[in-house]
Each structure stands twice: as structure tokens, then as C-alpha cells.
Amino acid sequence: MFNRLFRVCFLAALIMAFTLPNSVYAQKPIFKEVSVHDPSIIETNGTFYVFGSHLASAKSNDLMQWQQLTTSVSNDNPLIPNVYEELKETFEWAQSDTLWAADVTQLADGKYYMYYNACRGDSPRSAMGVAVADNIEGPYKNKGIFLKSGMEGTSSDGTPYDATKHPNVVDPHTFFDKDGKLWMVYGSYSGGIFILEMNPKTGFPLPGQGYGKKLLGGNHSRIEGPYVLYNPDTQYYYLYLSYGGLDATGGYNIRVARSKKPDGPYYDAEGNPMLDVRGKGGTFFDDRSIEPYGVKLMGSYTFETENEKGTGYVSPGHNSAYYDEKTGRSYLIFHTRFPGRGEEHEVRVHQLFMNKDGWPVAAPYRYAGETLKEVKQKDITGTYKLIQHGKDISADIKQTINIQLNKNHTISGEMTGTWRKTGKNTADITLAGKKYNGVFLRQWDSVREKNVMTFSVLNTSGEAVWGSK
């Protein structure tokens, strides 16, 4: 009887040992998609919200399953009911019937402050203001415009408006620094990216700043969508930016620079001052002058191979970012288009990790609840699909090449080099003589519907490389 019972228990334990990993680690995550262009994230009461252009918004409890709340500017939109009357001055000034990228923050009074903006589109004629609500889902009531651009004559800083030097007043992001001061970074193309110190009680800029302090850009260089996130572990402020054009052929890509102070100066991984980054005088959209600068986290790519359908993005950009103080995890939230789908776009979230040089690297696949855990060498070795994001601003979609990470720590295949696991999950990789560092991470591949080993690494030139086994 005892022997029979022992055999039954042993067999049950053996079955569990072989089946449990599949149920735990290969369970298919559930995603629900939404479309919010230029998503700016805020967390409140355990729920994540994103607000974007055209008064679009969505919410999620887990950053994976999203619920669309609003989609377009109309008088029926519950965020700002009767919006064309409520923001009449804004629409009239901008000569527009829509709104651009919004940002929402909560101030000490518990109220939610929505920074809205409208732009004519073919010129930097724009207006920016703030509306306030007791509930994050609205209704928001207008408190007024505080910045205008694109005017003929005197600008907000008291000098004649010059579109090569002065900002286009769109794409705001408000944030608190580590000392509790409130700031707003903003700007798109035209004269560049600027920052203002804000009144934390009123939500308006402190007086006497004009357009504020310039951080980078100018001469109509294609830089926009600024977003600042402080990381208490590295004690740096990270300024995220989008370079290029937002459409499927515009070469949109996500970059980052950092500073020890919220208002700069900001530098890239090579130590270049971002204040000097701009197009040449007398030019429009001079991408060649700006593309060497800033750490490029991702651009257009596909993990597609010869024998299987892959996954990829086209013109990912206009991101926000979130740091979870409880877990210490960071996330990159952005919109993206997709190969073969034209101008359709959806929100995506990728986890961020800091490499040993204090720069963020983005997980190759979308966030599916994964955590950074210890990995073993035997799980790392094998054949990988490799993406090199480079530094260019281009409509080209980066394609994969194949490499092998061998047991003897060499790399062979279409590129050669070396690799080493330097900690529980940290990666040192050399490819074609360039040194990269970052992380090894097991992630969910939604095309093959299984967990795979990946790596995300960055070199000192600010070039990101991803691998997927």
C-alpha cells in the first residue's frame, strides 16, 4: 500500500514538474488595443490613463489591456463637453478644428490639470492653455491660454516672433522634480524644445519667463514630443524626444538625453550638449544635422525572418514614460504604426531597464507582465534575430540578421563578436568591434506565442541593438 501510494505521489509530482513551467511561463497574455496618438501617461488610484491628440484617451489596470474612453474632438466628448465653445479662443487663434497632444497632471489640490494645445499645422501658429477637472475623466473646464506662437509681431518673450528661434507652443509635458518644483517642457520643430517653471498652485507658468529656457533644436529641425522622467536610482532626469516625421514614411524614432538638473543642460551618451543640436541656418527639416545626436532607443524595424511572419513597428514615437516607485520598474509608452498597415496606429508599452552606464534600454517586445530575473548561460546560447537601430532618421524599416551566441562566449553568423553575462541578467556584448551593455530578459513573443530569451543593449555612441532567440 505504501509503495503504491509512493509511486502515485511520485508520478503526480513528476507530471507537475514537467507541466507547471508551461502553465506559468508560457501562458498567453491578453492584450486589448487602443488608438491614442501621442499618449501621455498618468497613474491615479491604481489606474493608468493615457491622453493624446484629438482629445483621445484610454485607461488600463495592467498596461496590457486598454479600454478606449474617447477618440476625437467633438462637443459630445466627455473630457471637455461643448469643446468648441469652451476652447473657442484656442481654435480661433490656431485656425484649427482639432487639438494636438494633451498632458494631464494632478496638483496638490487634488484636481487634474489638462494642458491642451492647438496648431494650424502648416505653420507654428499655436495656442496652449490649461483646463481643470475634479475627476480625471472630466469634465474639464477651461482656465485660459498662457502661450501663443506663430504671430506676426511681438511674441511671448517681447521680441518679434522668429520661427527658427522661438518655439511652436505644442506638445506639453508637466512634471515635478525631486525637490517638488513643477516644470513644463514643450515644443515641436520650429525653434526647438523649451522648458518653463510652473506655479504648483495655479498650474500656470511663473511670470517673467517668456517662452522659458531653450533645451535643444531650432531652424525647423524635426524634434518634438519632449517628456522628462526622473530616475531616483541614477539621479538623472531623462529627456525623451521624437526625431523625424510622425507618419509611416517619416522615420519617427525615440531618443533620450539626460541631465542632473530638470532644466538642463542635457547631454547624450557621447557627452554632446543637446543645446547645440539643430538644423543648419536657412534649412527646413535638416535631418542629417541632428541624427548623430541623442541616444536612439528605437525606430522602425521588423523581427521578420524568411520562414515566419514577424512583428515590428513603423515610426514609433511621441512617447511618455512612467517610473513605479513601489517596484522600481520603468515603462516606455508610445504610439506606433505597423508594417503593411499604413497610417493605423496603436498604443504600445515596453519595459525600460538601466544599463551599467545609467542609460535606459527598451525591452525588444511589448510589456506582457515580465520581470527581470536571473538567467542561466544554457538559456542564452543559441541563434538570435538581431536588430540594429542605428542613429539614422529614415523611412527604411530595419531588418533582422541572424547571429549565434556560442557556448565559448563568441558570436558568429552574419556578425561576429563576443558576449558575456556579467551579473544575474546583465549583458556585455561586442559586435563588429563595438561594445554594448544592457540586459538579458525572457519575454513573450506574440507571433510565435511563446516565451523567448532576448537581449537589449546600448553602446557609448547611443546605438541600440536588440536580439530575440
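Backbone N, Cα and C define each Cβ position, glycine as well.
As given in Swiss-Prot:
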ACT_SITE  Asp38  active site, proton acceptor
ACT_SITE  Glu224  active site, proton donor
BINDING   Asp38, Asp122, Asn168, Val169, Val170, Asp171, Ser188, Tyr189, Ser190, His220, Ser221, Arg222, Ile223, Glu224  substrate binding site
BINDING   His318  Ca(2+) binding site
SIGNAL    1-26  signal peptide
SITE      His318  site 'Important for substrate recognition'
May I ask which of the recorded positions Asp38, Glu224, His318 is closest to Asn168 (substrate binding site) if we compare their C-alpha atoms? Glu224
Ten-angstrom check, please: count other Cβ atoms within 10 Å of the Cβ of Asp38 (active site, proton acceptor), all chains counted. 27
Ser188 (substrate binding site): which of the recorded positions Asp38, Glu224, His318 is the nearest Cα neighbour? Glu224
Please report the distance from the Cα of Ser221 (substrate binding site) to the Cα of Asp38 (active site, proton acceptor), rounded to the nearest angstrom. 19
Within 10 Å of Val170 (substrate binding site) by C-alpha distance: pick out those among the recorded positions Asp38, Glu224, His318, and say none if nothing qualifies. Glu224
Around the Cβ of the residue listed as 'active site, proton donor', how many other Cβ atoms lie within 10 Å? Please give the count over every shown protein chain. 27
I'd like to confirm something. Which of the binding-site residues, Ser190, Ile223, His318, has a Cα closest to the Cα of Asp38 (active site, proton acceptor)? His318
Return only the integer: C-alpha distance in Å from Ser190 (substrate binding site) to the residue listed as 'Ca(2+) binding site'. 17
For Ile223 (substrate binding site), nearby residues of its own chain (Cβ under 8 Å, 6 or more apart in sequence): Gly187, Ser188, Tyr189, Gly192, Ile193, Leu216, Gly217, Leu241, Ser242, Tyr243, Val277, Ile290
Three states by DSSP: which one describes Asn168 (substrate binding site)? coil
Residue pair the residue listed as 'active site, proton donor', His318 (Ca(2+) binding site) - Cα distance, angstrom, rounded: 8
